[in-house]
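Participant: Okay, handing you the structure first.
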Amino acid sequence: MAKIKQPGKVEDEDVYHEVRGFDTNGGLPTNLKRGLKARHLTMISIGGTIGTGLFLASGGAVASGGPGGALVAYMIVGVMIYFMMASLGEMATYLPISGSFNSYAKRYIDPALGFALGWNYWYSWSVTVAVEITAGSIVMQYWNRSVPTWVWSLILLMIMLGLNLFSVKGYGEAEYWFSLTKLLTVLVFIIVGFLLDLGVIGDPPTKIGGSVFGYETFHAGFTGLFSVFLAAGFSFQGTELVGIAAGESSNPRKHVPKAIRQVFWRILLFYILAIFVIGLLIKYDDPRLLNNSGPSGVAVSPFTLVFSMTGFTAAPHLMNAVIMITVLSAGNSGLYASSRVLYNLALEGFAPKIFGKASKNGIPIAALLMTASVGCFAFFMSLFGDGRVYTWLLNLSGVSGFITWAGISFTHWRFRRAYVAQKRPMSELYYRASFYPFGPIFALVLILIVIGGQGYVSLQMHENEGKYNSQASAIIAAYIGAPVFLLLYLGFKFIKGTKIVPLLECDFDTDRRVYDPEVDPALERSQEKKVHENIIWRGVKDVLY
């Protein structure tokens with residue numbers, strides 16, 4: 001079946017014809033609907049990324065590595081994220097599939113890797129939902145400590161589930177406004193922070209270059225710096241949501257590259273400046289920060305602490321309200337991502353078929369309910385102490401996130417090798433990753449170093465406690481994601497007897513939306529211009545516009 005759009009302005013639909021494996025839903029081999037536009041894709045990624053990792057865990061990062069250690073770690077991870085996102089952008093633009101990572105790994109490396117990567121990512125985001133719910137209960141303790149944390153967890157989980165039961169367009173609109181609120185809050189925080197530090201408002205403890213940022217800037221040395229990498233990884237987790245949502249975009253080839261560029265530049269800018277402001281104004285050993293919280297186990301967001309310095313009595317309460325919106329937004333994105341991955345796993349034959357069914361509105365209800373049930377794990381948080389268990393869950397999700405990024409980088413490296421080996425035209429890659437092959441290799445090596453070093457860091461952080469159980473718990477939290485991933489990969493490979501897919505046999509055609517440049521040559525010229533546009537100038541435009 002061919003489906004060709006007439007020449008003219010292209011907005012929300014691709015100019016394409018269908019190839020094998022596609023149905024009349026624009027190439028989507030399922031009942032999911034293409035209702036997401038560029039602004040939805042951008043805000044979905046931002047909504048999943050600017051969450052408690054920034055508003056709460058950033059305080060723990062400063063406490064663990066010092067202001068300098070936190071800043072350097074976030075910058076390094078940010079550079080790695082750029083290369084990973086460029087790799088994802090190239091594949092997702094060429095082959096937009098909902099829940100894309102495991103499908104790419106299955107096609108271009110090994111079906112066993114696709115199986116393991118998909119379940120790892122589902123597990124990662126399912127745990128993240130529990131993390132966000134737990135964080136919400138921590139934040140609510142700022143107002144009322146008499147209500148059990150499990151009550152707040154239940155309320156938040158029900159709200160997130162309700163939001164995800166809307167149509168994908170309704171979900172996208174809700175996430176758009178949630179994320180816009182967070183972006184404006186971070187922007188105001190950065191401005192207020194600098195005004196405080198300069199002495200323009202409030203009663204700041206120092207000036208730029210003064211005692212706070214110079215106060216044990218790298219207080220724990222290399223170990224402290226390295227310990228922040230997992231927290232930074234958790235904070236940036238969600239940037240890859242563009243790849244998940246690509247299959248439900250109305251125009252993947254146009255929207256995915258734009259969303260990827262905007263997400264990277266905006267998040268990197270906001271995160272680095274926010275961490276810098278926190279380092280300027282709050283000492284790393286402040287007992288109210290996560291990882292420093294006292295016997296009560298209640299941590300306070302560094303954003304709340306900074307706004308309280310302004311002297312505006314309502315500021316901390318307003319900030320906590322924003323953080324609650326943040327929890328809802330990030331958890332909302334977590335449910336969206338994990339349910340779509342589980343849905344795709346079922347379509348690939350990697351999960352029970354019941355999870356591969358969707359409602360008339362395009363919502364994979366069975367996959368969504370299964371994922372939401374994992375969030376019930378948050379109900380147990382109050383039994384163990386919120387701050388400690390939150391940090392443990394954060395590490396679990398952080399390791400799994402790094403494994404996902406490693407899989408994306410390695411898959412892209414082989415994707416391009418197979419593409420070249422089959423002598424396919426580079427002009428059909430409408431978004432090409434910059435600095436290939438250095439980019440994916442750099443990202444992969446750095447990820448492996450970070451994962452490998454977490455055991456050493458955990459031992460160093462607990463050597464003074466002299467307790468075997470404490471060290472064992474730290475090692476488990478640091479590495480649990482890796483053995484689970486290997487068990488999934490090796491188990492599937494042994495049972496199914498899968499092999500590495502030869503380069504010349506990699507599938508680039510099934511489920512692909514093929515663009516026809518003869519239908520709209522003006523769009524073709526526009527795409528060529530974007531491919532070769534200066535990356536720095538493109539980044540400036542994406543931040544501003």
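Just so it is clear, glycine is given a Cβ too, placed from its N, Cα and C backbone atoms.
Values in this document were obtained by computation on a predicted structure and should not be read as measured data.
Sequence annotations record features per position, and here TrEMBL assigns domain 'Amino acid permease/ SLC12A' to 40-500. Sequence annotations record features per position, and here TrEMBL assigns transmembrane segment to 41-65, 71-97, 122-143, 149-168, 180-201, 221-242, 263-282, 302-330, 363-383, 389-408, 429-452, 472-492.
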Participant: Taking contact to mean three or more C-beta pairs under 8 angstroms, with sequence separation of 6 or more, is the transmembrane segment (122-143) in contact with the transmembrane segment (302-330)?
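Facilitator: Between the transmembrane segment (122-143) and the transmembrane segment (302-330), contact is present.
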Participant: Over the domain 'Amino acid permease/ SLC12A' (40-500), what does the predicted model average in pLDDT?
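Facilitator: Taking every residue of the domain 'Amino acid permease/ SLC12A' (40-500) together, the mean pLDDT is 78.
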Participant: Report, as numbers and ranges, which residues of the same chain sit near the transmembrane segment (71-97): CB under 8 Å and 6 or more residues beyond its ends.
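Facilitator: Residues 27, 61, 65, 103-104, 225-226, 228-229, 231-233, 235-236, 239-240, 242-243, 246-247, 249, 252-253, 256-257, 260, 263-264, 267-268, 271-272, 275-276, 279, 344, 405, 408-409, 411-413, 415-416, 428-435, 439-440, 442-443, 446-447, 508, 511-513 contact the transmembrane segment (71-97) from elsewhere in the chain.
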